[in-house]
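A.B. asks: Once you've had a glance at the structure underneath, I'll fire off some questions.
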């Protein structure tokens, strides 16, 4: 799209083409706002501080290679991941239409901006008021687009880096962006004469990417004047729309290939092979792309992606975007270097890097032994960032990019490290790692079973490629099981263990009250606090009640998890269990009707005896499961309560493998009903079909060990 020519005569108040913008603009700035000021700062080429660093690799896929998105990324990963970032130039014939360049959107759709003080991104004094930084929203994506912002003088806007700017249309933002760049660099024609807006020059001089880069880092490292710019960052595509075509926006049949393409960022997160396809919610910025409308010097500061996910960024149009990347294996080195050189900022905000408001010189990082690589992204190109790879950069002028995340199988261990690190930092998660892990594992278990029965479909064969003893998926499941067992072993004595309802976190986010750890797999609660839970590590901090009031909720028993792991590793026993439907694990996608509601939870955990249970009507039995319930020891008859949504507490007698004092064999295979079975407030699940009633049926499973009210100690360095 042709750039507009603007009057850049700095001596006239009419120079700024946006100064007389209609008063109908819902801008949050005063008459002395940034968009109404003259551009006083000027380019100082003598002080250029361009870093001299190695280029990240660039890949040029063939048309055939480009057809399978995740396979191509997997193909280049061994070569690209050591750099942290890489650039991908699509085949020349791949030119997707961009709906947001249509005139109606270009001229009328407004978006929010923030003001960035470029000269303060690295060298600034501490600010006493802290900010929680950018947060992804878990849950359904808001169709209303960007939320209303508070005025610039509100408390939430008094932290560095989060001052709201004006609302712009793309048309007006382009005008201001071009005006700023021409004013700042004093654009001249090929003869060295200043360009006037009414001159019709066929050839004009513009600063090169290297010259802009040198000036950018001069502003960061050796600022002499305030330099402020706008950035339309983290824009939900519900406002402007996506830059990629969707089925609803197709105008010609030529668009069909781009609507369905795996490189279309609306499709990318949930492609087959991406574990994010097992996340049901549309998480803004993770599963729903964000747009970025930039101008010269607008910046994205050093950060890693949420949950250490991969990211894919596409530059729809405009001037180039300069990137810097540090490989994930050197993430702690970057963090240590920044703490060393910016101690005053980290003293005030220990989690400063989570705020995305601090830039830091690649030259200094290089001097500290941190490997840093550079990539210059041009219009129509992709940039990939790899798990836990720190990245930063800036825009060379007016442009528009779009980005989203993805999670191939090889991401799993990175993601596990991320949630453990978040727990230590008391940082909220964006998605449920355990939900993604075990939903994919259940699907893989079914695929391995079907393969054993002769169903060699392409989908099943693809799962087999990531399973087996050395497969990434079994390794991740095994590590997670071990981690859970270690935490269970450190729980207080005599803590009741209950089966978690499959809908426990379906409609409500369940997270630890202390560290925000996701509670999809397990949780600790107390009768005193319905609807409030802790992770296993912080059970001792939950409340002051006795252990007889507290309980542990487990989604899967140990036998269930071990059977799943054996199937994933290709063990015949595990596959046989799955083939005979003996596993007893509830499908992650089962359409259960039971929900854990906080207003009735206080009554759920009161124990009913066998007579009360037998008097209940509407018992739902589990068919053909009697072979699972043979007790392995005389002490295996216990009673467990089912957490459900209705107001009446229910119990079910269940069989366990032998349990020693350290809960090494918490392995009830029959805690879970088949997904077809439904429960209402007058029904219960009788899962112990062939166990003789009478002996010990009113006992509650206890975890007994020698640890009294002691949590699991974690070393943050383990996740660095």
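The backbone N, Cα and C atoms fix where each Cβ goes, and this holds for glycine too.
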A.B. asks: Which stretch does TrEMBL mark as region 'Disordered', out of 1-33, 34-66?
C.D. replies: 1-33
A.B. asks: What range among 597-621, 622-646, 647-671 does TrEMBL record as region 'Disordered'?
C.D. replies: 622-646
A.B. asks: Taking a Cβ cut-off under 8 Å, which residues six or more beyond the ends of the domain 'JmjN' (56-97) line up next to it in the same chain?
C.D. replies: 244-245, 251, 254-255, 258, 261-264, 268, 271-274, 310, 323-330, 373-377, 380-386, 389-391, 406, 408, 410
